[in-house]
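What follows is a single structure, written as structure tokens, with notes after it.
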Amino acid sequence: MSPGEYKSRGKFITFEGIDGAGKSSHMADAVAFLADQGRTVLSTREPGGTPLGEKLRELLLHQAMHLETEALLLFAARREHLERVIEPALERGDWVICDRFSDASYAYQSGGRGLDRVKFAQLEQWVHPHLQPDLTLLFDLPSAIAARRIVAQARDLDRFERERTDFHERVRQAYLERAAAAPQRIRVIDADQAPEVIRKLIQDTIARHAS
Ligand code: TMP
């Protein structure tokens with residue numbers, strides 16, 4: 001960049017949905033789509049995204065713990081992620097594509113596990129008082145279909161994936177509740193459609209945000 005040239009802040013896009021909704025492969029497509037358009041894209045995930053965050057991810061996914069410990073560790077990892085990765089990238093003008101963010105804590109910890117919503121709001125307010133994603137793509141799928149997809153993958157499951165279908169249904173409903181409260185930011189995508197249809201929908205949605 002030449003001196004005096006102003007580079008605008010990048011966009012922050014998150015991918016959300018219950019386990020098995022298929023967001024991760026579409027996220028990879030979206031990153032490729034943006035890169036093809038000449039954007040500098042940083043692809044990251046939560047929990048994780050930093051060396052400390054990845055260690056916390058390991059614990060969160062495999063170690064039993066109290067619900068509030070779980071919520072605190074998720075937001076601790078998020079603080080680190082924001083400070084070291086997300087904010088600097090947005091400041092540079094890069095686009096940040098993140099696999100899950102605080103909507104997941106609302107859905108899983110409050111919706112799924114019953115964390116007091118006031119405590120969730122306090123953590124969110126503490127850790128990122130002035131930041132929300134510019135766009136969130138929420139992959140919505142009935143939990144029974146998502147459960148069948150996970151079983152079909154025939155691999156070792158983490159603590160969240162092993163939860164019963166009614167847990168995932170509560171997570172799903174909390175996601176939809178959050179989307180209804182922020183319709184400008186959260187775009188609900190019916191994940192029970194052909195991958196090409198979903199890919200096109202995502203590209204169109206992202207392209208509208210790029211202009
Ligand atoms: P992933 O499998 O999509 O990478 O996500 C890992 C798991 O972590 C997923 O089952 C959801 C869970 N999770 C929460 O419970 N709360 C959160 O805030 C985040 C970011 C993830």
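Along the chain as shown, the residues are counted starting at 1.
Cβ coordinates are placed from backbone N, Cα and C, and glycine is handled just like the others.
Since the structure is predicted, the reported quantities are computational estimates derived from the model, not experimental observations.
Here the domain 'Thymidylate kinase-like' (15-202) has a mean pLDDT of 96 out of 100. Among the features that TrEMBL reports, domain 'Thymidylate kinase-like' is placed at 15-202.
Residue density at Lys23 (ATP binding site): 25 other Cβ atoms are found within 10 A of its Cβ, drawing on all protein chains shown. Secondary structure at Lys23 (ATP binding site), as computed by DSSP, is helix. Annotation comment: TrEMBL describes Gly17, Ile18, Asp19, Gly20, Ala21, Gly22, Lys23, Ser24 as ATP binding site.
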Per DSSP, three-state class assigned to Ile18 (ATP binding site): coil
Of Gly17, Ile18, Asp19, Gly20, binding-site residues neighbouring ligand 1, Cβ under 6 A: Asp19
Protein Cβ atoms within 10 Å of Gly17 (ATP binding site), excluding its own: 26
Local Cβ density at Ile18 (ATP binding site) - other Cβ atoms counted within 10 Å: 32
Entry from the binding-site residues list Ala21, Ser24 having the most other CB atoms no farther than 10 A: Ala21
Neighbour-count leader, CB within 10 A, binding-site residues: Gly20, Gly22: Gly20
